[in-house]
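Chemist: One structure is given below, represented as structure tokens, and several questions about it will come after.
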Ligand SMILES: N#Cc1ccccc1-c1cc(NCCCN2CCCCC2)c2ccccc2n1
């Protein structure tokens, strides 16, 4: 049950072990540092079933430790209820976006705003690419993009 003035954001990617748990953790730290985390429901999820029950990728964990951002998550797949209960569903690439819009069509009263997280990037990098087959550098790029986008998103919703 949402209280007055509360908002909610669900970060989504393909497997919910690389990009979306990083985005969730970065946003939660920013909201905490801004003193508003209690006004937010923050979570992340996958479009796929690939990694359900698994922790974040070890490369992402190493990146977040390097930046002193707490990250603790167990991968889950997005549910029909998510489309009704979150204000924002923020995803990483066009494949996530089309998959989410397809799933939303099967939900009677889907009210979430489904957007690319990259649409908030002041550097206009619209897509946050999947680092699964990539390097530590690719995870660092995901982190930097999430910092820029989450900063703008929080500012816009404060
Ligand atoms: N798919 C793709 C893909 C395409 C391009 C770049 C990355 C990926 C890619 C592949 C993954 N797991 C390997 C394939 C999984 N199996 C696919 C067939 C069904 C049974 C599961 C990922 C796992 C977690 C997070 C991101 C991932 N991303």
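Glycine is treated like the rest: Cβ placed from N, Cα and C.
The structure displayed is predicted, hence computed values, not measured ones.
Found this in TrEMBL, in case it helps:
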- 13: active site, nucleophile (ACT_SITE)
- 19: active site (ACT_SITE)
- 130: active site, proton donor (ACT_SITE)
- 7-156: domain 'Phosphotyrosine protein phosphatase I' (DOMAIN)
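Are these features on the surface or tucked inside, and what are their neighbours?
Modeler: For residue 13 (active site, nucleophile), the count of additional Cβ atoms within 10 Å of its Cβ stands at 30 [all protein chains shown].
The 10 Å shell around the Cβ of residue 19 (active site) contains 32 further Cβ atoms across the protein chains shown.
Under the DSSP three-state reduction, residue 130 (active site, proton donor) is assigned to coil, being neither helix nor strand.
Within the model, the domain 'Phosphotyrosine protein phosphatase I' (7-156) carries an average pLDDT of 98.
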Chemist: Near ligand 1, meaning Cβ under 6 Å from any of its atoms: which of the active-site residues 13, 19, 130 fit that description?
Modeler: 130
Chemist: Could you tell me the C-alpha distance between residue 130 (active site, proton donor) and residue 19 (active site) in angstrom, no decimals?
Modeler: 7
Chemist: Neighbour count, 10 Å Cβ-Cβ cut-off, for residue 130 (active site, proton donor): what number do you get?
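Modeler: Looking across every protein chain shown, the total is 18.
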